[in-house]
Amino acid sequence: MRLVLVGPPGAGKGTQAQYIASNLSIPKISTGDIFRANVSGGTELGKLAKEYMDRGDLVPDEVTIAMVRDRLSESDAQDGFLLDGFPRNVPQAEILKKMLEEFGVALDIVLELVVDDEEVVRRLAGRRTCSQCGRIWHVDFDDKKDDICDACGGRLYQRDDDKEETIRHRLEVYQEQTAPLVSFYAQERILVGVDATGPVEEVTQRAMEALSPYTD
Ligand code: ADP
Ligand code: ADP
């Protein structure tokens, strides 16, 4: 299964990606996670990306695409993958299509996580991420009173770009640059919308149902 998750920041892509990828036994490839690992590792790529990420802007396409090409060339991605956070604009989607054609494969399905703006802001404002295992939590929805990851004991942190002003800018960037992907993939006839409101497990169940025609 070759799958892409799209949806605004805070829709629950990273959260659902963890479960869907594990259910399907495919690698989860989150460009935001790869950038953050490079930022904390102090690499050249991290230094370049940080400036854009802190502002809530997209990292330039050539950098992002080269990074994804390298990741998709790794052996664990040959039989399937779940992309979370890529593509994020139509040029990236067009290049992904060509890249997969070169590899002799194609996307099976693009799942759009649908959730309204108010819920997105609530989700982002309370998001906490584990500095050790990368697992995503929410202060209210997961009732996190301490800053400790229940999965691995690591310390949770609030992402620099989850501050109110940056959140607003990221939502604008989503509307301008990423939302057009929905019609792009609808035209390709591989788009399926999933209601992403309600408890995490219910959303996972809806996503798995939407994917079921492709998993047999
Ligand atoms: P969220 O899940 O909140 O939407 P991500 O973790 O996916 O955020 O991305 C965080 C930041 O990393 C983005 O705001 C952007 O700066 C950068 N980024 C991630 N994916 C891409 C991409 N495909 N193209 C350009 N920039 C990206
Ligand atoms: P994205 O990757 O789309 O930016 P995340 O998966 O990081 O979104 O989720 C954003 C925040 O919302 C996190 O704090 C996460 O715990 C929380 N969250 C995700 N899905 C749900 C849900 N169905 N109900 C409540 N909170 C959720």
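Using the three backbone atoms N, Cα and C, a Cβ is placed for every residue, glycine included.
Remember, TrEMBL labels are computer predictions, not curated facts.
Note on TrEMBL: of 30-59, 150-179, the range annotated with the feature region 'NMP' is 30-59. You'll find the Cα of R88 (AMP binding site) roughly 21 Å from the Cα of R127 (ATP binding site).
Computed over the region 'NMP' (30-59), the whole-number mean pLDDT of the model equals 96. Here the binding-site residues are G10, G14, G198, and the one with the most other Cβ atoms within 10 Å of its Cβ is G10. For the pair F86 (AMP binding site) and C152 (Zn(2+) binding site), the Cα-Cα distance reads 27 Å. Among the binding-site residues G14, C133, R159, the residues whose Cβ lies under 6 Å from any atom of ligand 2 are, in sequence order, G14.
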